[in-house]
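Structure record follows, encoded as structure tokens.
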Amino acid sequence: ASFTISLHKADNTTVMIKLKPGLQANCRIRMKYVIMSELKIKPGDNVTFTFTCGTPEKYFITEIQKNIDCVSGPCPFGDVHLYPPGLPRLNRTYIWDVKASTKAGLELKFSTSWLRQIEPGETCPDAVSYNINSSIDNAMVNIGTFCRNGSVSRVKLLGGVVMSLHLPWHLPLTTSGFNIASRASIKRLCIIESILKRESSITLMSPNYPLGFPEDELMTWQFVIPPSLRASVFFHNYSLSNCERKEERVEYYIPGSPSNPEVFKLSDSQPANIAGTFNMSLQGCDQDAQNPGILRLLFQVVVQHPQVDENVTHLVDLSKEKNMTVTIHLEGWPSRTPLMSEPICLICKDPRTCDRALTLTSGAVYRISFLCKDLSQLRITAEKGIGCMDIRWCQKKIYSLSVPKAITRLPIRLHKFNWKLLATDMINVEITSPSLKLQQPIPEQRCNTSYSYSIVSATPETELNLGVFCPGGSIEKIQMRNNITISLKPFGKGFINESIPQDLKMSFVPHIKDECIFTVSPNPQAKVYLQTPNSPYGLPPYVSISWFITVPSKQTARLRFSKDRMGIACETGRAYVNIKEETPGAEEIVRREDELLPQPRNMLHSFWVNVSNCRPADKTQLTLQFWVTLADKQLDLGIILAVVAGAGVLTVIGLTVCCVKKKKKKTQNPMVGVYNDNVNTQMPGRKGSFRKGRQNNESHVYAVIDDAVVYGHLLKESNGSVSPEVDVYRPFDGPIGSTPPSPPPFSFKKDIKRSSNPEEEPLPLMDIDQDTYTFAHQKSGQSEDNGDANKKDKGDTGIPLLENKEQDGL
């Protein structure tokens, strides 16, 4: 198809058809016998041309520029038409360059669809966009880019105007959508009028956004709002320039206000709940020539109907609180703060100070109200700080970690309440729940309360996420290192069930060795599940955690791990599981990461479980779970009969010895004890560790036999007062009950020699299993070999000895 364009000279219009930037000339323009890649049609030209391809809209664009002089001649007021007609169907850009004097500004009025301002880089849904520039003394200021269907009805500009309209090739638009309404002096950069007839939300930007508002300029937005609606202003993105003189500010002219204009800083909360039409002006300053900075502003105006309960105030008394902040906000705040196109919930601390988020601080009393149709959109997030820098002033204080009633009484759902517990390096935090106790929610042990606690410790070395806990368990106490955050978070729509009140206390205590110690009192009616912190990601490297499980005197505890091994391989260091009962002479059970975990076992006394991590060699992390159940102690009938029989035999023998002694009192000489220094006096291990049986040696032969030695094992069974006096390794130092178990040093062997079966539990070291205080005769010329002496040379010892790391494999 051929196209003919005829431009009248008086129209002062130029048409340019050119290739799109970055495209090759796969399509050309043919005019008679000339082929070209672009065509310029000047005023007075009459041109006929064709394209060499069937889809020229893929390759070419059209720019139509019209110059209008409102300085030397009359200004063509009225509608601005799209001229010339008959243009090819290409993407078009119409440019109107209107010259005007700075003493008489121009007013551009838009049709009923009006305009909506968009940010740089944003596109319009229908691809139709307007760009408005102000021309003052040959300096261009970009007022903004706009789409159709908005609220901007008029723009008044100082000096000339460069107006651009971008149209897509497929849209047959025949009108420009605006007219030049009048000329009037405005004495400021521009005035933008926005008409909001119904509930809505609009976004506007300062000129040259985001590059910077012109120096020492003034501009105004005029908002036309029906008296039945209320408007609120929110600043979302702004920056300030470096002022030498004056001060950057925002001024409001609100009809009926006693102090017009009302002056605000850009950092202030802006007016809200404004009834009717009002003006807002932005004033710049004289900037520093060396470092001017940037003044820019992006803001939102929300218009909505007055709420029925806007005059209902809620009292929030924080006068007795310390170091606490309470923030009422929209759901998803602060990560979700979109510029919404519909009315939103507002929180007001006075009739004109409202925002989508309102923060209240401790030490004051507030009366707040809500401009919101649905309060379910709002949430409360609160935080309280508790610190201790000197244990002498903090140790005896007990703090209640409960949500104040000033918060629970508000008709707003609690999102989270954080307690920030801060202390120095040598001060720890102790968390208790005296009546409710705590539990770790896992699939086998779910919470039935309306809230839970999340506990995180942030020491200088590492951050330890202890996990989630809820009331109604067996954990009485948790001791942790300094700097802890405890977060209470409700489940679902509820908060606190009145039948389950809050019961969490906190105090500061002296330094502890482990990162965390749990004190657990199992419920006799249930199975208590416990697991390492930071699940499912695993215990951090080199972290040691201890559990102290209390067992009532008339009950026994059954301890069982959920898996056979720790499931990790160490790159550096070793991982340990230590178990020890809290009773004198109790056996310590130690397992490394390359060994099987202890089999299920009964614990007759309160006991410790300690887990110490290494640095794992791969991505697999240390996670352990175990459980404890309580049962009533069952008396062993055989032990009872043995004790009774032993007591009877002891009585008979005692009487016999007494009679014999009386009979021989006058004739018997005192016995002399012969000590043989070659006899081994070290306490042997279990019976099974002897190499020779006692029937094959003379270790059981006594040089002197005393009554107490003969019947020592019976005394042991009767009252348990005799214990082996052998110096064996005991890694648990300090008074019983105050020191948690810890892994042995690398220079010691880990535990008592085990049998060939790795799953067999080592037996306790009892007197009935040993030949303590046995003296033997040594025959002349014969070396002693009773299966117990010289074990150091044979490499078979029954107790842990101090050995080299190479021998221990550490």
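Cβ coordinates come from backbone N, Cα and C, glycine included.
Curation plays no part in TrEMBL annotations; they are all automatic predictions.
Feature annotations, reproduced from TrEMBL:
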COMPBIAS  748-757  compositional bias 'Basic and acidic residues'
COMPBIAS  771-784  compositional bias 'Polar residues'
DOMAIN    3-70  domain 'CDCP1 first CUB'
DOMAIN    79-182  domain 'CDCP1 second and fifth CUB'
DOMAIN    188-291  domain 'CDCP1 third and sixth CUB'
DOMAIN    315-403  domain 'CDCP1 fourth CUB'
DOMAIN    414-489  domain 'CDCP1 second and fifth CUB'
DOMAIN    514-627  domain 'CDCP1 third and sixth CUB'
REGION    671-694  region 'Disordered'
REGION    732-810  region 'Disordered'
TRANSMEM  637-660  transmembrane segment
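The average pLDDT computed over the domain 'CDCP1 fourth CUB' (315-403) stands at 85.
Among the listed stretches 315-403, 414-489, 514-627, the one sharing the most Cβ pairs under 8 Å with the domain 'CDCP1 third and sixth CUB' (188-291) is 315-403. Taking DSSP states H, G and I as helix and E and B as strand, the domain 'CDCP1 fourth CUB' (315-403) has 7 helix, 43 strand, 39 coil. Summarised by DSSP class, the composition of the domain 'CDCP1 second and fifth CUB' (79-182) is 0 helix, 62 strand, 42 coil.
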